[in-house]
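Database features, via TrEMBL:
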{"type": "TRANSMEM", "residues": "7-26", "note": "transmembrane segment"}
{"type": "TRANSMEM", "residues": "57-75", "note": "transmembrane segment"}
{"type": "DOMAIN", "residues": "57-417", "note": "domain 'Ammonium transporter AmtB-like'"}
{"type": "TRANSMEM", "residues": "87-108", "note": "transmembrane segment"}
{"type": "TRANSMEM", "residues": "120-138", "note": "transmembrane segment"}
{"type": "TRANSMEM", "residues": "145-164", "note": "transmembrane segment"}
{"type": "TRANSMEM", "residues": "176-194", "note": "transmembrane segment"}
{"type": "TRANSMEM", "residues": "215-238", "note": "transmembrane segment"}
{"type": "TRANSMEM", "residues": "296-320", "note": "transmembrane segment"}
{"type": "TRANSMEM", "residues": "340-364", "note": "transmembrane segment"}
{"type": "TRANSMEM", "residues": "385-410", "note": "transmembrane segment"}
Amino acid sequence: AASRLRLSGLCFLLQILNILLFAVFARYSPESSPSHCPPQLDCSQRSQDSGFQQPRFWDLHIQVLLSFGLLVALLGRYGPGSAATSILIVAFAIQWAILLQGFFYFFLNGKIFVGAQSMVSADFCTAAVLISTGAVLGRVNPVQLLLLALLEVTVCTLNEYILFSLMEVRDSGRSLTVHTFGAYFGLMVSRVLYQPHKDKGKREERQDMGHQTDVFAVVGTIYLWIFWPSFTSATTVLNNAENWAALNTYFSLVASTTATFILSPVLYEESTPRMVQIQDATLAGMAVMGMPGEMLVTPFGALIAGFLAGLISPLGFRFFTPVLHSRLKIQDTCGVHNIHGLPGIMGALLGTLLTLLATADTYGDRLEFVFPLMGQGSRTVTDQAFIQLSALPLTLLLAALGGCLTGAILKTKVLRSPPDAQYLEDTVLCEVNLGRC
């Protein structure tokens, strides 16, 4: 009863807070395109054309709500409760992200101007939160997850502002600000919350769940295939880098999936990979195209990147995950380090290399859209490449610091479940929805 009242009370307080802040600050933007954007607003990197963004927002929101919601429903014991909690996280994080990002990007005369791009940006930040929850799934209660979302959205927004507005980093598909940030933020929270008596870091916990896990993985993977190209191309410039981002994502996706069928049977002595392994390869292949997707990676380059990312995922589960658990005391329930963190870093490094190779001859008119400062002549290729590369350690630093602080807050006695309560909050959610756990 205490756990249920605690969750109910926190939801009530946070929702009332959001309503009051929206009432005071949020207004619909009267502008419909960047050409009409007031000079006081930061629209340099963010299109306000609602006609362009609305279909993208639909795809992106379906991707965040359904695909990520199904991907966290991996554990037979906590699956239904995790799926329900993920929807709660999405509902809160979108509101909170719109407010915080509005203060950074769309604040004018004491008001936040909300448009289609506000929703798109909020969905990106929400995706980072859902990735982080994968590292602590089954070991935290819904109250802790809500507070994690509150704190992570705050740090994520700060990271985006530094990278996109101050440094002018190009990361349209969010290799850094979603995949890398979300993975390592969650891993640091998991490290602080480490519980030796609960061994949740093993891959077998995911593999032995049988039919339920496979069903969730099948549906989640299908949604990833359908909607993720919209995720990677949502902030690209219309009719310019959009096609590159979508096509490069598909090329990377098919190569990463094939790589799993090559390596997984060797590592796990199975004739064909499990659906959860194919799902992992799908995520890895898409994460690696976040930064380089809008760049001139070429079809064969996207195939190579996707193939390497598809190899990273099973190798990470086979060799890296045991080391994280035994040596670093990091319990990574869903393996976000292997399917988001490492591919995200790989995508950032590939994006840096492609930036070095960017010239007016190879990009033509697209150079000013993909690299605006280079197209204007105010930044050299070397300078832009250095900025792209330096964004990686900065993101890792902010993710680590934010994750440690969040973990320390979530570890306080008042927020923890009793050691042998088996996280009754998840059990309650299971019973409400299925009548059993």
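Using the three backbone atoms N, Cα and C, a Cβ is placed for every residue, glycine included.
Note that TrEMBL annotation is computational and uncurated.
Note that the structure is a prediction, hence the values are computed from the model and not measured.
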Stretch-level contact, the transmembrane segment (7-26) and the transmembrane segment (296-320), CB cutoff 8 A, at least 3 pairs: no
Mean of the pLDDT scores, which run from 0 to 100, over the domain 'Ammonium transporter AmtB-like' (57-417): 85
Interface check, the transmembrane segment (340-364) with the transmembrane segment (215-238), three or more C-beta pairs under 8 A: no
Beyond the flanks of the transmembrane segment (87-108) by 6 or more, those residues with Cβ under 8 Å of it: 11, 14-15, 18, 21-22, 25-26, 29, 38, 40-42, 46, 64-65, 68-69, 114-115, 118-119, 121-123, 125-126, 129-130, 133, 142, 145-146, 149-150, 153-154, 156-157, 160-161, 165
Tertiary contacts of the transmembrane segment (176-194), as residues 6+ beyond its ends and Cβ separation under 8 Å: 124-125, 127-136, 139-140, 148, 152, 155-156, 159-160, 163-164, 169, 287, 290-291, 324, 328-333, 336-337, 340-341, 343-345, 347-348, 391-392, 395-396, 398-400, 402-404, 406-408, 410-411
